[in-house]
Amino acid sequence: MSKIVKRKEKKANDELTSLAEKIRAKALENQKKLIEAEKEGGSESDSEEDATAEKKKVLKSKSKSTVSTQNENTNEDESFESFSELNLVPELIQACKNLNYSKPTPIQSKAIPPALEGHDIIGLAQTGSGKTAAFAIPILNRLWHDQEPYYACILAPTRELAQQIKETFDSLGSLMGVRSTCIVGGMNMMDQARDLMRKPHIIIATPGRLMDHLENTKGFSLRKLKFLVMDEADRLLDMEFGPVLDRILKIIPTQERTTYLFSATMTSKIDKLQRASLTNPVKCAVSNKYQTVDTLVQTLMVVPGGLKNTYLIYLLNEFIGKTMIIFTRTKANAERLSGLCNLLEFSATALHGDLNQNQRMGSLDLFKAGKRSILVATDVAARGLDIPSVDIVVNYDIPVDSKSYIHRVGRTARAGRSGKSISLVSQYDLELILRIEEVLGKKLPKESVDKNIILTLRDSVDKANGEVVMEMNRRNKEKIARGKGRRGRMMTRENMDMGER
């Protein structure tokens, strides 16, 4: 019997190897086609770029967003061609050049001038618009003249976003000697307390962990805080941080404090929050409704029942060499699809809520460094993550609300770049996709599919998926067994302690 099992295993492995070889062959063929297409189009590129630039100017003049204001405050609806026009300190201008910030984005053009004048700001802009630099630049410009500890505090809804905001401050403040620290849940409180005792200029934090330190870390206070920023404020409130925000606002000073509130949307909750925390703010709106950028191509792919895995592998093969985020609805699916991709020799890493903070940052670092071309994620990655070079977003599972769809596809086509999103739509997703199309105000075109390739891939992909599921089940059983063992040891120790009494 064991020989029969081994022969079956060998046959299955051979089939998987064969599939991987076929995929690689197809990938090479696709890459050759891309290279040939680029060569043919090379002579036309200059004229195309000129035409594109002219087209962008026309579109810009037609679609300038109106800038509404709170309490009649206003800022001019103008754009700037360089950061030097904003009258920043030389160190900041040079840092922008070092980061290849060619010119301020619309939200930066609208928000930075009134912020430099000392106004409170409400910034409303779609994802990928450069919101972080829009509040970091005026804070750092003022910090250059003051250089005080605990100068600014930025509140973010997730640990990943907080870490990325810190990276932006560190990069922009690299020539200014700026000290920053990231205070988030899931990390050691004592290590964070030591970082706070070093008196950083900038604190980036999730609300709950900041409140922990305000209440429990001796010597830490924000009584002299000059700037408070609430980034992704709509998300902060969606995640039930409202009561914690109220407590924080009561602790920190209101006199001589400048407050910025940035959000993708303006809701009644946001309006209530800004009334409680801001004074005569200037409202800078680039977009006042759910929408996607013009450089994003959005399509859907109708998937017959039971073939979603095969269609996904088909897409990975068609877009070989591109960076991709695959969004799923569950943590188990994220882990399973990551394993399936890797088994079929597509380099992937997973990002979901079952990973600890170090594992999450490790996955992100692998993806951002180009060591993995595919990130399989739940919606934990959909908001705030600044990964500039994502070519394609795939919705393996359609999100249940339209706002999540907007935030997912906003991971590509960021800061003027082009990008593509593809949604895998089954018969059960029709109502969800109709709602999304209603919000977008347009029908999503269908992606073409080579059905012959789908049929060729189907059996092998199903077998590979079966292997991944078996491996996940095996790991889960081991995890449960380890848990039982620990509980048994704890109960034994408790019984011993009771006997000693």
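Using N, Cα and C of the backbone, Cβ positions are placed for all residues, glycine too.
In Swiss-Prot, the feature motif 'DEAD box' is placed on 231-234, out of the ranges 199-202, 231-234, 359-362, 415-418. Given the ranges 238-259, 480-501, the record in Swiss-Prot names 480-501 as region 'Disordered'. Swiss-Prot records phosphoserine for one of SER47, SER61, SER68, namely SER47.
Checking SER43, SER65 against Swiss-Prot, you find phosphoserine recorded for SER43.
According to Swiss-Prot, of the residues SER45, SER79, SER45 is the one noted as phosphoserine. When averaged over the coiled coil (3-44), pLDDT in the model lands at 55. DSSP assigns ALA125 (ATP binding site) to coil, not to a helix or a strand. DSSP assigns LYS131 (ATP binding site) to a helix.
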